[in-house]
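**Q** I'd like to ask some things about the structure below.
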Amino acid sequence: MSVGVSTSAPLSPTSGTSVGMSTFSIVDYVVFVLLLVLSLAIGLYHACRGWGRHTVGELLMADRKMGCLPVALSLLATFQSAVAILGVPSEIYRFGTQYWFLGCCYFLGLLIPAHIFIPVFYRLHLTSAYEYLELRFNKTVRVCGTVTFIFQMVIYMGVVLYAPSLALNAVTGFDLWLSVLALGIVCTVYTALGGLKAVIWTDVFQTLVMFLGQLAVIIVGSAKVGGLGRVWAVASQHGRISGFELDPDPFVRHTFWTLAFGGVFMMLSLYGVNQAQVQRYLSSRTEKAAVLSCYAVFPFQQVSLCVGCLIGLVMFAYYQEYPMSIQQAQAAPDQFVLYFVMDLLKGLPGLPGLFIACLFSGSLSTISSAFNSLATVTMEDLIRPWFPEFSEARAIMLSRGLAFGYGLLCLGMAYISSQMGPVLQAAISIFGMVGGPLLGLFCLGMFFPCANPPGAIVGLLAGLVMAFWIGIGSIVTSMGSSMPPSPSNGSSFSLPTNLTVATVTTLMPLTTFSKPTGLRRFYSLSYLWYSAHNSTTVIVVGLIVSLLTGRMRGRSLNPATIYPVLPKLLSLLPLSWQKRLHCRSYGQDHLMDTGLFPEKPRNGVLGDSRDKEAMALDGTAYQGSSSTCILQETSL
């Protein structure tokens, strides 16, 4: 889930193979090409199936008929990108298993979306997550959220395509632009023609390839060093098995609290409000299937994290017995794993190709999600509201054209990335600066009924300013410092997106330096607290501005867009406590009478799917029969 990327200028593309550089065999090329062909075939199958009878809903939302298992695997594939496959083992190799405690945040990071965000989004029958912002605030806030998301994704698309290809070229001599073009073209074709259903099913296939490639490395590597017991013993002997680091200092890069709780906000920005993930939830055939898909991701994520950590430990044990070459020792962190795999699997035809297929499966799943989500928000948020008279056929053609257009833009951004040099780090980091403010914007609307449109816009701008201030300040500080930071206080960046989380760090010696002070200290905030800090900024500023501008007075509030946090929490308390707090449990009919939910079901049957949709469209929240606790003295 994290990748270490050198802050130095990217290596120049290699035109040939140098001394110590591994080369691909014919079998390896066949395995790699087979991945591309099968991915394209899955996409074309879904494109050709029912050609001429496709609808916009089928293209963008898979006709809302997907089951929970393929959706869960697609959610995982979007999350498990190529930079994660390269980055987690590198992190474990360099700093030990402290990073594994990030798995502790997965539970809350998925439980909250499953029971708060998914029900609200699903019952509103959304296509784009940013439709919610118009229902809750107004069209201006919706456009602001959409433009922010598009900016985030466009900046990142080219980097996520170019960076793994560059690392692969530097280590193996695999042609840089051949891999970039092959990935970009294949991904664009099957995403544009097959739509979301093709993306989800190719994600399922690519997830299996990712696990096979990683398992091959673990099996061969552990066998060469004497088994997994030997791997663990060597790692323990050299201090790579980390215990609980309970330091509460938020400026320490990785501690238990930073990983377990700061990571929750990072997970919420990924799995709670990100369009690529929300779109998959909403493609489920029922709300229950959407919630189950969110639950199903949890064990898959734990397995994925453990596999990445295990590769890092195997790599560490391997290099204790087979020392690195000078070229390997001087490599950037994002190249460690590739050097290790090429060294480990040489002489085993097909296995290097399998791992490269695994690596590029991560890229394909990430990029296809970006194309599809960008085409969806552009169509639903920027085009349809202004041109609602579009015919179905024209809308389908335009949706496919948008996906093709974003594919070409991705290739263009990959070329720009190749020309950036040291500026590449800043481009990567921009992606991570946007997730927190967007999370804060959705939380402001969902949890605070008094928040109004001016507060939402000013809050979002304040969050983005804060995010860019800390982010760019940290980059400039780390680049301009003649003294590199210590590993425990390394300056880092998160890339929490719908796609991946990457840690941008410097290559750091194992020497301890004095802690920074002043603004330098502020800029060394752990990257895992970025989402929490920036989303809190949006909420606090948004509430202040809303209170100063009259809250929601004179504006209509759609109750279906609000999640009643306080009543829900109080309803969990024992009855005696509820009485002390002057709470009372009310049934659905009483809630209707109080005006919290103004209308009753149209045809008198609570729970009918048509009623839910009608109530959502009319601004009426659909609720189950569970009791709700309402403070008597609180005016709703």
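Glycine is no exception: its Cβ is also placed from the backbone N, Cα and C atoms.
Summarising the annotation, TrEMBL assigns transmembrane segment to 26-47, 68-88, 100-122, 143-164, 176-196, 208-235, 294-319, 354-377, 398-417, 423-448, 455-476, 527-548 (among others).
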**Q** Excluding the flanking five residues on each side, which residues at least 6 beyond the ends of the transmembrane segment (100-122) place their CB within less than 8 Å of a CB in that stretch?
**A** 1-2, 92, 129, 132, 242, 244, 254, 256, 259-264, 266-268, 270-273, 278, 281-282, 284, 287, 290-291, 294-295, 297-298, 301-302, 305-306, 309, 442, 446, 528, 560-561, 563
**Q** Mind checking which residues of the chain, 6+ beyond the ends of the transmembrane segment (527-548), have their Cβ under 8 Å from one of its Cβ atoms?
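**A** Long-range Cβ neighbours of the transmembrane segment (527-548): 102, 250, 253-254, 258-259, 262-266, 268-269, 432-433, 435-437, 439-441, 443-444, 448, 450-452, 454-456, 458-460, 462-464, 466-467, 470-471, 492-494, 496, 503-504.
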**Q** Are there three or more C-beta pairs under 8 angstroms joining the transmembrane segment (26-47) and the transmembrane segment (176-196), sequence spacing 6 or more?
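**A** Contact criterion met.
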**Q** Hey, which of 143-164, 294-319, 455-476 has the most Cβ-Cβ pairs under 8 Å against the transmembrane segment (208-235)?
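**A** Maximum Cβ contact count belongs to 294-319.
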**Q** For the transmembrane segment (26-47), I need the partner stretch with the highest count of C-beta pairs below 8 angstroms, choosing only from 294-319, 354-377, 398-417.
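**A** Most Cβ pairs under 8 Å with the transmembrane segment (26-47) come from 354-377.
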**Q** What residues in the same chain, six or more past the boundaries of the transmembrane segment (354-377), come closer than 8 Å to it by Cβ-Cβ distance?
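**A** Contacts of the transmembrane segment (354-377) (Cβ under 8 Å, skipping residues fewer than 6 from its ends): 24, 28, 31-32, 34-35, 39, 60, 74, 77-78, 80-86, 127-130, 146, 149-150, 153-154, 156-157, 160-161, 164, 168, 172, 174, 179, 183-184, 186-188, 190-192, 195-196, 199, 202-203, 205-207, 209-214, 216-217, 275-276, 279, 338, 341, 345, 399, 402-403, 406-407, 410, 498-500.
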**Q** Could you pull out which residues elsewhere in the chain have a CB under 8 Å from any CB of the transmembrane segment (68-88), counting only those six or more residues past its ends?
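**A** Sequence-remote neighbours of the transmembrane segment (68-88) are 1-5, 99, 160, 163-164, 167, 199-201, 203-204, 206-207, 210, 214, 270-271, 276-277, 280-281, 283-284, 289-290, 292-294, 296-297, 300-301, 304-305, 308-309, 311-312, 333-334, 336-338, 358-363, 365-366, 369, 495, 498-503.
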